[in-house]
């Protein structure tokens, strides 16, 4: 792998990523996916560096994926558990981060229920001249960059397994359906998919898809559309991304019932008939079977890319950690 291919910086949002930067990540992830296919699934790219996974919010896929990615790169890992940490004794989040910094941490992967926490920690590190890099692993309803990047990688690899690149999506239609209001995944995917040139259609109930989401479209003219009915979004779609109803983030009763939601916006075989032949389904997980997607569709290998998304996540997160670490070590 070439050296110095990336200017090391924090990854907090995809809002200002360029197509070139997306392609660097896709190409780097492709190299690491090849590594993961070997008998010895480990390279010394980050040997001697320390990655701290600071997850202030519960996570299964993202936390384990980042931990495994770091270990596959030979980094040392520190894993934070809020229930057994000094937070229970009144320590601030910033002081917790500074403690990990004092232990020699080179990169911090941070998840928090409140938007802006990773950015605040990154800003504090910069103000004090520390070289540690911060990667946003999901902050409130703001963004989840690594999830959107693994979604992008999964789609592009399907379109070209040897040379995935963002330009492959220029003629594609992608529907994002569900609880978009509370979804940090949706926000990051809006940035990445519209940057690719894809036509992105959002669909959800008016309570879960406020009209202001159309404002994103002003930054990417004629590439983002908002629908309060599912049919226009699915019509001739090449990919359908369905999102979990995040009941834990809902401050009020936004839906009459889960059954009615499934009737109106659930992905079923009948609804997929509106899409292009060969349509594929994505979901960031965890999935509420029978709510946002019919259980049989989730398990159908001809339609579902959900397992591939989880697998892709390791290679993509290896790429992100490698690039944040300087991209200088030989594999």
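Every residue gets a Cβ built from N, Cα and C, even glycine.
Here Swiss-Prot flags 61, 62, 111, 144, 147, 285, 286 as carbamoyl phosphate binding site, drawing on sequence analysis. Residues annotated as L-aspartate binding site in Swiss-Prot, with sequence analysis given as evidence: 89, 184, 244.
DSSP gives residue 111 (carbamoyl phosphate binding site) a strand state. Annotation for the binding-site residues 285, 286: lowest Cβ count within 10 Å of the residue's own Cβ, 286.
Residue 184 (L-aspartate binding site) and residue 62 (carbamoyl phosphate binding site) are 13 Å apart (CA-CA, integer value).
Per the record's binding annotation for carbamoyl phosphate, residues 61, 62, 111, 144, 147, 285, 286 show a top Cα-Cα distance of 16 Å. Apart from 61, 62, 111, 144, 147, 285, 286, the residues listed for carbamoyl phosphate, the same chain places the Cβ atoms of 59, 60, 137, 138, 185, 284 within 8 Å of the centroid of those Cβ atoms. Close to residue 244 (L-aspartate binding site), meaning Cα to Cα within 10 A, are none of the binding-site residues out of 61, 111, 144. In this structure, the CA atom of residue 61 (carbamoyl phosphate binding site) is 15 Å away from the CA atom of residue 184 (L-aspartate binding site).
Here the C-alpha separation of residue 184 (L-aspartate binding site) and residue 144 (carbamoyl phosphate binding site) works out to 5 Å. Within 10 Å of the C-beta atom of residue 147 (carbamoyl phosphate binding site) sit 27 other C-beta atoms, taking all shown protein chains into account. The Cβ of residue 111 (carbamoyl phosphate binding site) lies under 8 Å from the Cβ of 54, 55, 56, 57, 59, 62, 63, 118, 136, 137, 138, 139, each of which sits 6+ residues away along the same chain. Cβ environment of residue 144 (carbamoyl phosphate binding site): 62, 136, 137, 138, 184, 185, 187, 188, 284 lie under 8 Å away, each six or more residues apart in the same chain. Secondary structure at residue 144 (carbamoyl phosphate binding site), as computed by DSSP, is coil.
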